[in-house]
Amino acid sequence: MSGYILAIDQGTTSTRSMLFDRNMRVVGLGQQEFTQHFPSSGWVEHDAEEIWKSVQSTIRIALAQAGISAADVAAIGITNQRKTTVVWDRISGKPVHRAIVWQDRRTAQFCDELKRRNLEPLFTEKTGLLLDPYFSGTKLAWLLNHVPGLRERAQKGQVCFGTIDSWLIYKLTGGKAHVTDATNASRTLIYHIGENRWDDELLDILGIPAAMLPEVKDCAADFGMTDPALFGVSIPILGVAGDQQAAVIGNACFEPGMMKSTYGTGCFALLNTGTDRVTSSNRLLTTIAYRLDGVTTYALEGSIFIAGAAVQWLRDEMGFISVASEVSALAEKADPNQRIYLVPAFTGLGAPYWDAEARGAIFGLTRGTGRAEFARAALESVAYQTFDLLEAMQGDWKGATNHTVLRVDGGMVASDWTMQRLADILNAPVDRPVFLETTVLGAAWLAASRAGIWPDRKGFSERWQRDCRFEPAMPEKERESAIAGWRDSVSRCLTRPQ
């Protein structure tokens, strides 16, 4: 049977290729980790060629596991780590430098210099982003300034810039396509999300030649055909989205007011604001959720640096648990009369505080505080931080009501206790889907719907399946008291007043 969909999920630490059949069932999976390079303090790099090899390898593993050939694959969808920056020679296809990863902080001083020139409002107005090293623009400027001869080659159109999706499409098509999608473009710091174009003024400020930029397409579009030398046949690449936006799609959050939150090492929450390009007054990011049929849907995005990483800390540094899965059962044993707060600012605090110098702290310890109370505090910190994001979103946009339902995914959502506490603190329902791999599902749907094999948005939304809905059950006075304690704890960790 033909009509299979291949979804490539190129992440920060590993690459996965997943095959779906016509009924949206997973029939094959390949996964491979790759090397993390740390050449200097705060620097993080990937070998783009190693990533490309991991994609080829995982595709072959998935095909073998499914027992099918590449000729049975109708379309390819790609989702990827956002903002990671690659520059390669347009003819040879060889990278000029290792990829600079989104986590890399080498351009912090440059960002500070731009802020001192009072340029952040201009960047935010056009891109919806803040002047931060996370985003691609200052990484690309660094490469142009530090790789000998690169600027001249860029001005002559001899090199290509792209995020990981662009790099993979270029390699998959044998160098024929230099393209990206609107969601990945929206994270570069040089793309005008209101006018859907590369912004000449921002390019000029950062010193980036337009000749090296990819063409920007809808998320479901014709991105090119794979080189038949790779898998024996040409397969159309029909869907692309950055990882967090792909999770919005995979969770079928197609209506304004719908919200998804992904809980992994950190947490990314996105709220669909429809065609409203909301300007945040709470230092949230305004971004493109997806662009389909030429229509741009926007989102407010907030990021939490430490979510599942707090559980890893309990396991690896504190030795309170042996494996992460033990934490929920331990938290359930906590003394309900103790109110312990963990502010996990191990690497600063993200949205809406954006305090890079804040550091973690624990409040409320008594002689009776033990492992169980620490476990509960770690899990509750995720709920409190999500509350901060939702409250900021509600302050920014009238469409974010108290009736918002949160759809969740990621490793932490398997814990019933954590999801119930999340619903209690948010005072909002939390929906956990049957299929938790929503990021790769979103990439698959983009390609499959474009190919006419899977249903359209309405049909896909109807087929989205909920595993469990967690309804808020905490008394309002208890909830208000708990949140007040959290706010007091956070205020003691901040290095600057809010």
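Here, residue 1 is simply the first one shown, and the rest follow in order.
From the backbone N, Cα and C atoms, a Cβ is placed for every residue, glycine too.
Note that the structure is a prediction, hence the values are computed from the model and not measured.
GLN312 (ATP binding site) carries a helical DSSP state (H, G or I). Of all Cβ atoms in the protein chains displayed, 15 besides its own lie within 10 Å of the Cβ of GLN312 (ATP binding site). Residues or ranges marked as ATP binding site in Swiss-Prot: THR12, THR13, SER14, THR265, GLY308, GLN312, GLY411.
As annotated by Swiss-Prot, ADP binding site applies to THR12, ARG16, THR265, GLY308, GLY411. Every protein chain considered, the tally of other Cβ atoms within 10 Å of the Cβ of GLY411 (ATP binding site) stands at 16. According to DSSP, GLY411 (ATP binding site) is assigned to a helical segment.
Taken from Swiss-Prot, the feature sn-glycerol 3-phosphate binding site applies to THR12, ARG82, TYR134, ASP243, supported by sequence analysis. In the three-state DSSP assignment, the secondary structure recorded for TYR134 (sn-glycerol 3-phosphate binding site) is coil. Sequence-distant neighbours of TYR134 (sn-glycerol 3-phosphate binding site) (same chain, 6+ residues apart, CB-CB distance under 8 A): LYS83, TRP102, GLN103.
The glycerol binding site feature in Swiss-Prot is assigned to ARG82, TYR134, ASP243, GLN244.
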Integer Cα-Cα distance in angstrom, GLY411 (ATP binding site) to GLN244 (glycerol binding site): 15
Sparsest Cβ surroundings (other CB atoms within 10 Å) among the binding-site residues SER14, GLN244: SER14
Nearest recorded site to ARG82 (sn-glycerol 3-phosphate binding site) by CA-CA distance, among binding-site residues THR13, ARG16, THR265, GLY308, GLN312: THR13
When distances run from the Cα of ASP243 (sn-glycerol 3-phosphate binding site) to each of the binding-site residues THR12, THR13, ARG16, THR265, GLY308, the nearest one: THR12
Three-class DSSP secondary structure - ARG16 (ADP binding site): strand
Output field, glycerol shell: CB within 8 Å of site CB centroid, site ARG82, TYR134, ASP243, GLN244 dropped: GLN81, LYS83, TRP102, ARG187, GLY242, PHE268
Distance, GLN244 (glycerol binding site) to GLY308 (ATP binding site) (CA atoms, angstrom): 17
Site diameter for ATP, Å, by largest Cα distance between THR12, THR13, SER14, THR265, GLY308, GLN312, GLY411: 19
